[in-house]
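*Asks:* Copying in the features that TrEMBL gives for the protein in this structure:
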REPEAT    11-52  repeat 'WD'
REPEAT    95-127  repeat 'WD'
REPEAT    138-180  repeat 'WD'
REPEAT    181-224  repeat 'WD'
REPEAT    225-266  repeat 'WD'
DOMAIN    322-583  domain 'COPA/B second beta-propeller'
REGION    938-993  region 'Disordered'
COMPBIAS  971-993  compositional bias 'Acidic residues'
Amino acid sequence: MPLRLDIKRKLSSRSERVKSVDLHPTEPWVLSALYSGSLMIWNYTTQSLVKTLEVSSLPVRNAKFVARKQWIIASSDDMQVRVFNYNTMEKVTAFEAHSDYIRHIEVHPTLPCFLTCADDMTIKLWDWDKNFTCTQVFEGHGHYVMMVKFNPKDAHSFASACLDRTVRVWGLGSSHAHFSLEGHERGVNCVAYYPGGDKPYLLSGSDDRTVKVWDYQTKAIVHTLDGHGNNLTSVLYHPRLPLIISACEDGAVRMWHSTTYRAETTLNYGMERSWSLAALPSANTLAIGYDEGTIVLRLGHDTPVVSMDAGGSGKLIWTTNNEVHTAGVKGVVAEMGLQDGEKLPLVSRDLGSCEVYPQKVQHNSNGRYVVVCGDGEYIIYTAQQLRNKAFGAALDFCWSPTGTGDYVVRESISKLTLFRNFKEVKSEKPRVLSAEGLFGGAGAIGVKGNDSVAMFDWEEMRLIRKIDVVAKNVFWSENGSLVVLACESSFFVLRYNKELVAQAFAAGTNSAEEGVDGAFDLLHEISEKVGTGTWVGDCFLYTNAGGRLNYYVGGEVMTLAHLEQKMYLLGYLPRENLVFLMDKMKNVVSYTVSLVMLEYQTAVVRRDFESANTILPKIPADQMDYVARFLESQGFKEEALALSTDPDQKFDLAVQLAKLDVARDIMLQEIDKGSDKDKEVDTETQHKWKQLGDLALNDCQLALAEDCALRADDFSLLLILYTSRGDKEGLVRLAGLAREKRRYNIAFICWLLLGKTTECVDMLKETKRFPEAAFFARSYCPSKMQLVMDKWREDLAGVSSRAAKALADPTRNADLFENLELSMQAEAMLLSQNGGEETNAPASSYVAKKELLESENILELILSGGAAAAFTASIAQAQAEAELQRQQQAMATLSSSGHSADGGFGFGSSSASNEFGFSNEFGASSVSSVNSSQHAFSSSETSGFGMTTTTATTTTTTTTTTTSGTTGELLDFELDNADIQFEDDDDADWGEM
């Protein structure tokens, strides 16, 4: 039987002639030595060039990795050997090794030494622990020595290939060859040892276009491989596969079965002559060096050939080449106290060797027998002693889920054979498709076609249903009710209706072409690639392409563990709650999977809440967070909140359920648990408080919103709350907090809304914003102008004395500040009216002062004469009218609703103490009037600045109009107090709210 290897190209790189290739044992690197004198390291996983080294101007004929030293040893035609550190690219040493071209380098697998052979007909041994001194010279060949190789079974002996037509075997203890192997008609170019322990074989490739297999114990030729059309350049036994691989100058790379010597396949990538081969014992990787570049291939797959009896014994059986080994995993984890992901120290036992090269090993349903498939045959052995029970021809094999000796085999694309108790009972030719693969399971026999999968019953191999998906594998649950069809990039979960199928077969309503309609129902499609998998109840455990161990239940996918490397799932032991996995190096690890947890999740998915509640107390307390996450994914958020112990999860659930008080309590509990240092609000905690505050505001829970905003330093939310409620004390507190936290924009708006113009000017000066302070003082508090201008002039002098001198002085240049003195009088009049304080009037006095606010500008009254008398009279009249109107409204309000009659103006507050505008108070201008259509304050002077504050939004827009006293030119600018675009200095923060 052909090995049916799936050969996949992993790297194809074009370059100068490649004289040798080597693979790194741990990194995905291939080293190419070029005839141009360079070395190139390629990553064959990413198909990218990692590093390039310029070694010599002459050809580099050979180069090898020394992974334990992070070295590359290279030889070139200048007779030099050079050693480089491939991490730092630093040259470690260089020395002349031979007197003629150096053909090959061979590194000892354990000792600190390596061999070189050359056209000077000698072989030399070099010890790097002795400063790369030559410790031994091997002589005896009569021509160029082309290659040397250490014996993997005896690292103190090696073989050499020479153009004198001989292969010689040497020992490190002697300078002379132990013996010679003669049989080639022309020069020998390459040699390789068999890596296994069962055959004393040696390969040689020659210019006579043949590959010979030698028994170096009997010195006889075992077999000669013909077929190449030119000189052989490289040969090797693949260390993992039963393959002999040979490269030739005709450009062909041939693969032969190492047992039958049958030609398996021939590769030719059109890159001219092939010169070198390299393989790894840890992977099915093959590197080939050509005249025009480097090729790296994956031969078959790296999945270990292994089977585990999950019926309770926990016995493993795996193969290494033709050798069969066994070990037990039951009780090992508990006995050794191993953690999840730790390697199990298994004690293996050799069962013997198999007559075929194993490509599949599988236990039967009760673990008594195991089948080994390979070379187009199957052999059934007893699992304990590996005694032959039955055999036959088969391309595929699968056990029945019930009978001890029941199974089905695929003999060809048109023949399936069913056996019962090891006896053939029926052969069937599938009518609906060509049988290209076979899958077993508890529910049915799966037959893979070109573009579909057909399911047949185990009794008489009748068609159940044809499913139009290209499945790479099929996994049946233990009771046969669920099945997973694993495809290239996703998997489908189907429910198998066994009763419906049984009724159809009994009634004879099934179709031979279509099967049984409704036999399968699609439950879910999951966009994830399945590597290996198994069912545990109604949960599907599997490894994916992303290196995770996941499980599927009820349409949800949970991650059980992140795997450090690619692993293959072996099975699950229910009594130990452990799932076992193996890597390609045959190392076994385990992970805990609670059967109680899986049963609980299965009950929830089935909506069997009675069973779920019965199982829940059995789940350990430390897994409740896991249960809560599962319940949340299923939509049971109330139950998840009740079970969760994770504060973050509980907070998220409380927010989703709109239980804001619960979310607040959770946050406070975490603060109480933390240390004093932890109680400092970090970014994540601050974000949670802000999130909770926003939700509370939307839910009109203003007290909670304020508390959250204070804890989150959310000054924007506090500004909205305090201005909406007309909370003057709150604005005062907020201004202090914002100033302390260097949030000057917020503090400025608070002072402005409170009418504290002096504080506004002081803040602008404090943050060295002297130009803005001057403009502000000109409009709102002219009495502060002289002090501000002096500070501005002093600050500007540090940058430009000429510019500083150009600034006008309000005292010495009063003519440049039109009506400045009258503006100061207007400021004083407003202050006297407010009792000498810069304070706003309460909203309840709006009616009394409405007439004044709608009257002419105060500065214009002053200019027209009698301003003080008119100002006082208008106020008194307005207050009298307002008092009468207030009494009338109070009587009406009390008789209808019993509420206070002194409601504030602005955001609908009903308290007499509420104030006008954002703060429900009058504006902060020293020269002010109220525009009743906008509910805003405006300040204007003939020669000054004006400000308009609009209370209908959360931002304050300031419009300032400046008329130059000398030119009459109009200058306009607009400031948005929510984002004052002043240029920051290093010590002030005027950022957004």
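The first residue you see is number 1, and the count goes up from there.
Heads up, the Cβ atoms here are built off N, Cα and C, so glycines get one too.
On a predicted model such as this, the values are computed, not experimentally measured, just so you know.
How buried are these features, and what lies next to them?
*Replies:* Residues 58-65, 67, 72, 74, 76, 84, 86, 89, 269, 275-280, 282, 285, 287-296 of the same chain lie 6 or more positions beyond the ends of the repeat 'WD' (11-52) yet place their CB under 8 Å from a CB of it.
In the predicted model, the repeat 'WD' (95-127) has a mean pLDDT of 95.
Same-chain neighbours of the repeat 'WD' (138-180): 103-104, 106, 108-111, 115-119, 121-125, 186-193, 195, 197, 202, 204-207, 214, 216, 219, counting only residues six or more beyond its ends whose CB sits under 8 Å from a CB of the stretch.
Below 8 angstroms of C-beta separation, residues 143-144, 146-153, 159-169, 230-237, 239, 244, 246, 248, 256, 258, 261, 281, 321-323, 353 of the same chain, each at least six residues beyond the ends of the repeat 'WD' (181-224), sit close to that stretch.
Within the same chain, residues 2-3, 5, 7, 189-195, 201, 203-207, 209-213, 272-281, 283-284, 286, 288, 290, 299-300, 321-322, 357, 375 sit at least 6 positions outside the repeat 'WD' (225-266) and bring their C-beta atoms closer than 8 Å to a C-beta of that stretch.
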*Asks:* Could you give me the DSSP helix, strand and coil counts for the repeat 'WD' (11-52)?
*Replies:* 0 helix, 27 strand, 15 coil
*Asks:* Summarise the repeat 'WD' (138-180) as counts of helix, strand and coil residues per DSSP.
*Replies:* 0 helix, 22 strand, 21 coil
